[in-house]
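Listed in TrEMBL:
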type: DOMAIN; residues: 45-381; note: domain 'Kinesin motor'
type: BINDING; residues: G136, A137, T138, G139, A140, G141, K142, T143; note: ATP binding site
type: COILED; residues: 485-526; note: coiled coil
type: REGION; residues: 660-698; note: region 'Disordered'
type: COMPBIAS; residues: 679-696; note: compositional bias 'Polar residues'
type: REGION; residues: 712-757; note: region 'Disordered'
Amino acid sequence: MSVLGPDQSIISSHISSRRNSLRPLDENISDNEDIVGQMQQGASNILVAVRCRPLTKKEREIDSTNLIQIIEERVVILMDPQFKYGDKGSRAKEKQYAFDFAFDENSLQKEIFDKTTKFLIDGILNGFNATVFAYGATGAGKTYTMLGEADSPGMMLMTFVELFTKVEELTLERAYKVKLSYLEIYNEVVKDLIHPTSSVLDIREDPVKGIVVAGLAEMIATTPDEVIECIQLGNMRRTCEPTEANQTSSRSHAVLQITVEYKDKAAGTQSEIIVGKLSLIDLAGSERASHTKNRGIRLIEGANINKSLLALGNCINALCEATERGGKVYIPYRDSKLTRLLKDSLGGNCRTVMIACISPYSGSFFDTSNTLKYANRAKNIKTNLHRNVVNVSYHIAKYTAIIAQLRQEVSELRKQLKSRTPNPTVFNNEKFQIELNTHFQEEAKIRKKIYECQQTKEELGFMLFEKQAEMNQAKSKNGEENAGFKALNREVERLKKAIEEQNQINGNYEEMLKGLEHKRDDIKQEWIRKGVPEPYLSSLQLMMQQQILAMNSIDAQRDKNHEQVILKQKDLYIELLKSQLRLRDNVIEIQNEVFKESKVEVKPGLKKIYSQIQSLEEINSSSIVSFPELHGNSRSTNHRSKAKTYKTDHFLPPIIHIPANKTPASVTPSRIPRINSKRYLSTEQKSEPPKSSNVNLLHPKAKRLIQNDAKFKERSRTNSGYFDESDSEKSTAKQMPSMVKVSDRSQKGHYAGQKVKDEKHLVKKRIKPTEIKYGISIRGIETFV
Ligand SMILES: Nc1ncnc2c1ncn2[C@@H]1O[C@H](COP(=O)(O)OP(=O)(O)OP(=O)(O)O)[C@@H](O)[C@H]1O
C-alpha cells in the first residue's frame, strides 16, 4: 500500500476519478505472466519497470510532499510540485506513464526480483542472454535495488541463490559451469573488481561471444556463498563517495556478469554447448552539477557519469527511432564505455530489464521526470534475441570464417597502405612534425656554433704560434727582453686566454648538444605516449632518421674541414723537414769530398750504417712517388738523386729535428709562419756562440757548397718563411764543428764517437719516433736514431 503525503485524501480522490481515463495499456499484456510469456516467446525483449523509493528522513523534514502515485502496479503519475492538488489546472501539469511494472515505496526486494528478474534465470540456463540494469538519478535507489542492504539483499544476490537452486535441480541431466566477473567503469576506465590490475581493460566485440571485456578475470562459482563473498569484496573496491545528494553515492557503473555454460551429460564430445549470460548492472546516477554542489574530482566524476548516461539516452532514442522507422539508424554505442558494454543488452541478442529508480521528493522533480521519460522511451526498443547454441564444429567453423574475414581485411589494409603515401597533415601530425623540425633546427644551430668555435680556435692557435715565433726572434736578436718583446709577450698571453675562453665556450656547446641528442629519445616516447597511430608513427620515425643523417653530415663536414687543416699543417712540416734534409745532403756531399781529398780511411761501422741508410732510401722511394705533391718538385728530385749518390764510404748523420709537438694549432699555406729554429735547440747549443772560425778550417769546396746552400736557404726562406738567414747560418755553423771534430777524430780513428755524440744531441731535443712519422725520408732517420 502506498504511503502518501499529507494531501493523501485529495490525491486518492484525484487518482480514482482518473483511473478510467488512463490511456489503455498494451493490450497484449494482461498480467505479469503475460509479460514474461511475451518475452520468453521473443515478442518483446525489453521489460521496463519503475521503482519509487520512500522519502528519506532528511527529505521529509524539508518537504514531505510525495510527487509520485503508482496505480495498479503499472501506471506512474508524476505531479508538478508547483501546483497543489485540486488547484485549477494542476491535472494538466501531471505526467502519466505506463510501464510493464511500477513499484511503489513499500514494495519489497523479493517482489521486485520475482517480477523482473527471476524469470530471466530460466532463459540463462537455456542459452539466452539477459541484462538487468538500474537507471536513475543519484540517490534514487539503484544500488539499493541491485545490491540491497544487509537485511534486504538486492537483485544480484537473489539471482545467484535462484540460479544455484535451479542448477542443482538440473544437475542430473546437465553439466553446468557458472562463471562470474565483476567490473566497474569509473571515469571511462574499465576496472576489474575481483582481480584488480593496473592495466586498462578494453571492451571488444567478438563475433561469437558478442561484447567481451578483454583481460577481465572470470571466477568459477560453485556455491552462492562464494559468489556473495566475491561480490562483497568487489563492492569494497568499488568507487563510492559521499556527495551532497547521497551519502553512499556510487561514482562508477558496476557490472556483475554471470555466464552459465551447460552440456547434456548424455551427449558425446560433439554435443552442443549452451551458453547464457546475465548482466546485472548498477549504474551511477545522473546528477545536475548545480544541484549536487560537487567540486573537484567529484565534479569530474559527475561529468563522466552524465556523459555516459547521455550516451545511453542517445542510444535508447536511436534504437526507438530504428524500431519506429523500421529502417537502419546509426546507434552511437561507441560514444561511451557504458553503451559499448550495453550494446548487446540494448539492441542485440539479449532480454533486457530496465528498472528505473525514482524519488518522490519534490526537490528531485526534474530528475524523476527525466528518468520516467527515458524509461518510457526504452519500452519501444526491440532487441534481436536468439539462443546461444554453440557446438564444437560450429565453433570451429565460425572461427575459421572469422579468421578468413580478418585475413582479407588485413590484406586490404596492406594494399591501401602500399598505395597511399601517408598524409602527415591528417591526424594533426603537423604538430609533431613542427616539434621535430624545431628540435633539429636547434641541434643544427648548436652544431654551427661548435664549428665556428673550432675555426676561431684554429685561427687563434695560428696567431699564437706566429706571435710566439716573433717573440723568440725578438729576444734572440737583441739578446734581452726589450719593449717589442714585452708587447709580443702580452699579445701571446692575450691569445692564450682567448683560446682558453673558446675552449670553455666550445665545452658548453658540446654539453648542450649532448642534452639535445638525449632529447631525441624523449620525443619518440612522447609520440607513443600520445598514441600517434600507424602509419603516422612510422612516418615521424623516418623523418627523425633523415634529420639525424643530416646532423651526421654536418658533423662529417666539420671533421673533414678540420682534417684538411691538420693535413696542411703536416704538409708544411714535411716541407720544413725536407729543407733540413737538403742541408744534410749538402753537408754530406762536402764532407765526402773533403774525406776523399784528405784520403781519410772510413771505419767499417760507418760503412755499415751508410748501407742501412741507403737500403731504407730505396724502400721509401716508392712512398715518395705516392706523394707527388710533397716530393714532385725539382728540388725533391735532386734530393733523391743526391741521396743515391751517397755511394761513398763517408757519412755524417743528420742533426736537425723539429719536434712534432711544436705543431701550430692552425697553419694555412697562405700564412706560413716564420719560426726560429733556435728554440728547438738544446740549452747547451743555444748558449754556444757560432764558431765561424771553424768554417775557415774547411776545404774550399766545402766552403763553396755551404755558400751555395746559403743561397738555397734564402730561397727556402722566401718560399716558406721557415728560416731566416741567421738561423741558417747558425744551424750550419753548428754542424760544422761536429764535422770538423769527426774529421779530427777520424784521423785518430774515433768515428764511432760521432754517432754517440749525435744520439745524445737528439735525445736532448726530445725526439720521439712518433714525432717524425710524416716525412718519408725521416723514417729512415728514425730507424737510424
Ligand atoms: N526502496 C528503498 N527503501 C528504503 N530505502 C531506500 C530505498 N531505495 C533507496 N533507499 C535509500 O536511499 C538512499 C540512496 O539510495 P542508493 O544509494 O541506492 O541510491 P543510488 O541511486 O544508488 O545513488 P547513486 O547513484 O548516487 O549511487 C540510501 O540510503 C538507501 O538506503
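Backbone N, Cα and C atoms are what each Cβ position is placed from, and that goes for glycine too.
Feature annotations (TrEMBL) mapped to structure.
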residue : record           : contacts (Cβ under 8 Å, 6+ apart)
G136    : ATP binding site : K142, L283, G285, S286, A356, C357, I358, D367, T371
A140    : ATP binding site : R53, G285, C357, I358, S359, S364, D367, T368, T371
G141    : ATP binding site : R51, R53, A134, C357, I358, S359
Sequence-ordered binding-site residues from A137, T138, G141 with Cβ under 6 Å of an atom of ligand 1: T138, G141
Neighbouring C-beta atoms (10 Å sphere around the C-beta of T138 (ATP binding site)): 25
Cβ-Cβ neighbours of T143 (ATP binding site) (radius 10 Å): 25
Other C-beta atoms that fall within 10 angstroms of the C-beta of G139 (ATP binding site): 26
A137 (ATP binding site), number of other Cβ atoms within 10 Å: 26
Cβ neighbour count (within 10 Å, all chains shown) around K142 (ATP binding site): 29
DSSP three-state assignment for A137 (ATP binding site): strand
